[in-house]
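Residues annotated as divalent metal cation 1 binding site in TrEMBL: His63, Asp101, His217, Glu221. The divalent metal cation 2 binding site feature in TrEMBL is assigned to His64.
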Amino acid sequence: MERDQLVTTLDNLLEVEQFQDYCPNGLQVEGRGELGSVVTAVTASLYVIERAVERNADMLLVHHGLFWSGDDQRIVGPSRKRLKLLLENEINLVAYHLPLDAHPELGNNAQWAAQLGCTTEGVLEAAELVQYGELSSAVSVEELEEKIKEGLRGRNPLVIQGHQHPIKRIGWCSGGAEKYIVQAAEAGLDAYLTGEISERSYHEAMEREICFFSCGHHATERGGVQALGRWISQQFGIEHHFIDEDNPV
């Protein structure tokens, strides 16, 4: 399959033009023009790029690419090492950030809705990347923690129990969205799930009486790239392999 055809298809599928992002979405580094295999990963780290080279990948598709607003634009140090490997091996680097968080079927947040068994009602008006909905039945904090743990492949989330009553209405947003606990509480949700946590998150949870689950930035964003990779394989017959670098953050 031609690279440009696939990238255009993905750009349209994920509606990249609808997002104001902190990075370029789509093709970031140009490699060979014909594609037979795609490797997916959360982040285009040196470790991941080395594994992509070992697998003779034609494309590396990630959530976190190489270029970010506000970063040092010089190609030195780790940036040089990553880019050099990609160019020497003609591997295309394609990245989708916010569009892959938000996609209603393939996105990171959609994967978490499925894992939680939650019916999605919509997004918070004050924080449009945060989805919310209801569980089929109310559960205890411990029961929800176990369900989350399944999605984290055995990893224990950090739980701040802001109240003692059962949980039914929840909000979630993958990655580093801990600041939206305020909007989740103001929306009357019983619990909020995201990747990262900050010092103030504890106080917000306790004083606003909402249960907070910090599940890991990397861990909450494994699902989207895997779902997109499977979609590519099913639609176009391209070989797909997911590389997971076990990032504890």
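Each residue, glycine too, has its Cβ placed from N, Cα and C.
Cα spacing between Asp101 (divalent metal cation 1 binding site) and His64 (divalent metal cation 2 binding site): 11 Å, rounded to the nearest whole number.
Long-range C-beta contacts of Glu221 (divalent metal cation 1 binding site), restricted to its own chain and to partners at least six residues apart, with a cutoff below 8 Å, comprise Val42, His63, Asp101, Asn108, Ser174, Gly175, Gly195.
In the three-state DSSP classification, Glu221 (divalent metal cation 1 binding site) falls within a helix. A simple Cβ count within 10 Å picks out one of the binding-site residues His63, His64 as the most packed, and that one is His63. Between the alpha carbons (Cα) of His217 (divalent metal cation 1 binding site) and His64 (divalent metal cation 2 binding site) lies a span of roughly 11 Å. Of the binding-site residues Asp101, His217, Asp101 has the largest number of other Cβ atoms within 10 Å of its own Cβ.
Close to the recorded divalent metal cation 1 site, the chain also has Val42, His64, His97, Leu100, Asn108, Ser174, Gly175, Gly195, His218, Thr220, Gly224: residues not among His63, Asp101, His217, Glu221 whose Cβ is within 8 Å of the site's Cβ mean position. Secondary structure from DSSP puts Asp101 (divalent metal cation 1 binding site) in a helix.
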